[in-house]
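Trainee: Dumping the structure here so I can ask a few things about it.
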Amino acid sequence: MTTTITITRPDDWHLHLRDGAALSAVLPDSARRFGRAIVMPNLRPPVTTTALAYAYRERIMQAMPAGSGFEPLMTLYLTDNTSAEEIDRAKASGIVHGVKLYPAGATTNSDSGVTNIGHCVKALEAMEKHGIPLLVHAEVTDVDVDVFDRERVFIERNMVPLLERFQGLRVVFEHITTKDAANFVAGAPENVAATITAHHLLMNRNAMFNGGIRPHHYCLPVLKREEHRLALVAAATSGNPKFFLGTDSAPHAKSAKEAACGCAGMYTAHAGIELYTEVFDAAGSLDRLEAFASFHGPDFYRLPRNTDKITLEKTAWEVPASLPFAGDELVPLRAGSHISWRLKD
């Protein structure tokens, strides 16, 4: 008899949907699995204003599969010049649910990011007043800091002073990758939470070098040592409401990944909930999947939980070698290999 599990429809609290033809290619994967998603603002040009967020949301809605109830939750891209008035407009809009902090140069399309947190004081004060979460890509970008230490150094250098200065600011430590981050969030006040990706739960840094360079396993923050992966699994399966699902699914064309200077990011939306189910199954914690995937996120964001359900069955299926993507190809995680859980229609 096939093993099945039925849970409240999950949400994705960290998603890259891109734009144009790329948006149309990837949106159906997320819309099939999730009720809502926090949509990242790192387009070219970035979504820096509420007006741009409205326009981007409209493009997403126009690309939505027929009959889908998926809801995009918009975000703004924080810059050195973001004003308190813009945060006021974001709050009044009802469509903006967070503001993303990218240290300049930290990841894809982050060139417009924050150069010094001190430049953002007025915006952060307004966010604190309105209860709008700050979503932090928590890595320093100094060339003299080892890429595997960027997250740990950011905690010491930036996150601790930020939380001391803005004690009422609600903060999501995005895509945590280290035991340092897991421990920090677990011990932080209740206004601090974290998202965890499926790929950081499933793989350690060996996956980038297994038999050769594996460009489709390169992401930012980069995969870390096994001790860190185990700490993330422990956090995700702990039942602690500070930790919740955020895929950080980041589609890039195959030609942009398999290159001399390839892009960072893994595409996981094709199996956005199935991969997490694998993790929780392997950890003997399927009974805690629903809280992590469906409850902790909306509770932190002060939104209602979804009311409909999805069912997954323990039936292996083979992931396609590639998917069509805006005139190119997109290589999904586990391309040509199997995933042990399947979402039932």
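Every residue, even glycine, has its Cβ placed from backbone N, Cα and C.
Among the features that Swiss-Prot reports, Zn(2+) 1 binding site is placed at H14, H16, K100, D248. Under the heading substrate binding site, Swiss-Prot lists H16, L17, R18, N42, H137, L220, H252, A264. Residues annotated as Zn(2+) 2 binding site in Swiss-Prot, with sequence analysis given as evidence: K100, H137, H175. Here Swiss-Prot flags K100 as N6-carboxylysine. The active site annotation in Swiss-Prot covers D248 and rests on sequence analysis.
Quick one: where do these features end up spatially?
Mentor: In sequence order, M40, P41, N42, T75, L76, Y77, L78, L135, V136, H137 are the residues near K100 (Zn(2+) 1 binding site), counting only same-chain partners six or more apart with C-beta under 8 A.
The number of other CB atoms found within 10 A of the CB of A264 (substrate binding site), across every protein chain shown, is 16.
Under the three-state DSSP scheme, H137 (substrate binding site) falls in the coil class. The Cβ neighbour count for H137 (substrate binding site), using a 10 Å radius and every protein chain shown, is 26.
Counting only same-chain residues at least 6 apart in sequence, those with a Cβ under 8 Å from the Cβ of D248 (Zn(2+) 1 binding site) are H14, L15, H16, E174, H175, T195, T197, H199, C219, G265, M266, T268.
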